[in-house]
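**Student:** First the structure, then my questions, so here it is.
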Amino acid sequence: MTAWARVVVARPRLVLAAAVLFALLCGVFATGLADKVSAAGFTDPGGESTAVDRWVKDTLGPQNPDIIAIYTVPEGQTLADIGPRIQEAVGRIDPALLDRPVETYWNSARQQYLHSADGRQALAVVFAAGDDNRRIAVFPEIAAELKVSGISTQLTGYSALADEISNQSRRDLIVAEAISIPLTAIVLVLVFGGIVAALLPVAVGSLAVIGALGAVGLIAQFTEVSVFAMNVVSLLGLGLAIDYGLFVVGRFREELTQGRSVDEAVTRALLTAGRTVTCSALLLMCAFAGTFVFPQAVLRSLGFGAIAAVALAALLSITALPAALTLLGPRIRKWSWRADAYERAEVRAQRFWGRVVTAVMRRPGTVALAVGALLLVLAAPLTGVRLGDVDHTALPAGNETRVAVEELSAGFPAANSGATILLRETDGTAPAPATVAAVLRELGAVPGVRQALNIGTRDEAAVIHTALAAPDRSPAAQETVKHIRDLRIDGVDLTVGGESAATVDSVTAVLDAMPLMILVMVAATLLVLVLTFRSIVLPIKAVLMAFLSLAATFGVLTWIFDQGHLADTLGISPGPLSAGMMVLIIAVVFGLSTDYEVFLLSRMKEAHDAGADTTESVRTGTVQTARVITAAATLLILITGAFTLSPLTPMRFLGLGMVIALVIDATLVRMLLVPALVKLMGEANWWMPGRKLPTEPRKTLAPTVDAEANASALP
């Protein structure tokens, strides 16, 4: 970093131009990204349901409709009256978009399943051609033809639901950025006391988002990338770049205030805050690398997007930002409401946090026990957590697509995809008719099964379609699938497919891969922190604090989203936590938690390496970083909190989860619990195998730290 600092101060214009050009060139690949990302990728390609659905599709053709249109007869008319108009409308659909002709109440041999009991509603069932992404992409074109003027038309099905969630996700991204960027700029002005200093992190954040979106666009040319990756890039690229900018600019201004030249201030900022930013980025990328162990494309693509955002944010924060600071110099204070606004605010913050840390140092055991107990209480609801996947309840109550799903389930249970069951003898041959009849009787007794029909025997298997009482992918439907799979019939192998079974398999895949994800995160984090701090104790403590923050965060989320407390206030539908979003929050919160730990402990280590004892190191590190960590958390809360305005429950879950985690981590954990524990552990904090702990008392006051002399010991 020392050599790089010399390059930045020697050639700031070249460094700035190269960094900006690189980000913009990356951004070129973001062209048309909205058309490249996928709304699919939620299923486990190696799951039982995937194998069943693939066999059924190859043998019998698709069995789960992509779009279902519900037509309601106008007053004074009958189903027979509106039939010709419906048939004319579906006849206009381009056959190239379809896997088979559209089946309707008016042209089907299965009329009894395609009309409501009161004779006021009837269905048209559409099987689109192509893979998941293709079938979702053609939904708008098919939907336009299915809608008939003067006849109430509701559209549901897998493609309708995926299209609605995907479009809403894109709208949420625009709204979130429109709200968060101006608010973030205002807070930065308040933090730095001026407009010029405030605009630098925002500019870096905008470039980071552009570059990261381009990186995602490039990745999307080679592998499936979820539409949610765009939201993650926006959230992390902007948030982390602003956070990193806050640390670098803050350290630069601190050095200027101490009377150093511009070149010296930039050098010291890079050797301290710059090293810490690099370490932080490595920790976050290690955390997100854990998402690559999951089989679902959507989770892996979230990791791609997050790593791209973190990498661009960190890269620009140690290239473009210090180069701009070198060029600006003292003009960083321009457009301030008073010349010493930043310095006065820093003094007030250090005075406040000085009193807080003094109180913590006076009774560290009491503080540690009290905060630890509070976090465990917050984590308590997590013991009863339920996990699920995105279904129709992700949409707000009253949404047309959600209403259509619920109406279809209530009035046309046989039209749901339900569960598709393959029966084989244990020797791999087709079952005898008597065996099939016995299985049908067993299925009829399963709670949640409305009807079980033998579709027929093909090749080596018998195929049974089971209509479920609950909507596809709902918690009740998942429970029914589990009951079906629990059936044990002598001599028969029973495998289950369908959308609800796919959800069960997806959640199971997440739970199975979660230990490996955590192992990857923890091992990589410990390695980076041990190399950074030359200590065994501090990295272990950092990991434990991260998991404590995670437990408390998910405890609160379980209390709200799963158990339903405050559901009416927040306008959400209670239900199992989204397993996919849970993975994302674990990676983000774990990374940010260790991120803030690094910023805090780095300043403690500076003081300790300069000769201060543990008490003074804790005081110095906490007081000098408290304001910037609090400001960084506040800015991320503004950016991620904008997603709580989304009508989509998963986006609210993500936004609120980030807000809760940041509040808990930046206050209770980072400013109270960590200082208390470091104080209690004393010189043991700095222990490393082969290193002797000091026997002589250390100084009680930390002298000024020489960044060049201590650069090798800093992150």
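Counting begins at 1 with the first residue displayed.
Cβ atoms are placed via backbone N, Cα and C, with glycine included.
The following feature annotations were taken from TrEMBL:
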type: DOMAIN; residues: 196-327; note: domain 'SSD'
type: TRANSMEM; residues: 173-192; note: transmembrane segment
type: TRANSMEM; residues: 199-222; note: transmembrane segment
type: TRANSMEM; residues: 228-249; note: transmembrane segment
type: TRANSMEM; residues: 270-294; note: transmembrane segment
type: TRANSMEM; residues: 306-328; note: transmembrane segment
type: TRANSMEM; residues: 365-385; note: transmembrane segment
type: TRANSMEM; residues: 513-533; note: transmembrane segment
type: TRANSMEM; residues: 542-561; note: transmembrane segment
type: TRANSMEM; residues: 581-601; note: transmembrane segment
type: TRANSMEM; residues: 628-648; note: transmembrane segment
type: TRANSMEM; residues: 654-678; note: transmembrane segment
**Student:** On the 0 to 100 pLDDT scale, where does the domain 'SSD' (196-327) sit on average?
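**Tutor:** Value for the domain 'SSD' (196-327), mean pLDDT as a whole number: 88.
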**Student:** With pairs fewer than 6 apart in sequence excluded, do the transmembrane segment (654-678) and the transmembrane segment (581-601) have three or more C-beta pairs that lie under 8 Å?
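**Tutor:** Judged by the Cβ rule, the two regions touch, with the required three close pairs present.
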**Student:** Just give the helix, strand and coil counts over the domain 'SSD' (196-327), going by DSSP.
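**Tutor:** Going through the domain 'SSD' (196-327) residue by residue, I get 116 helix, 1 strand, 15 coil.
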**Student:** Counting Cβ pairs closer than 8 Å, which of 365-385, 628-648, 654-678 has the most of them with the transmembrane segment (542-561)?
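**Tutor:** If we count Cβ pairs closer than 8 Å to the transmembrane segment (542-561), 365-385 scores highest.
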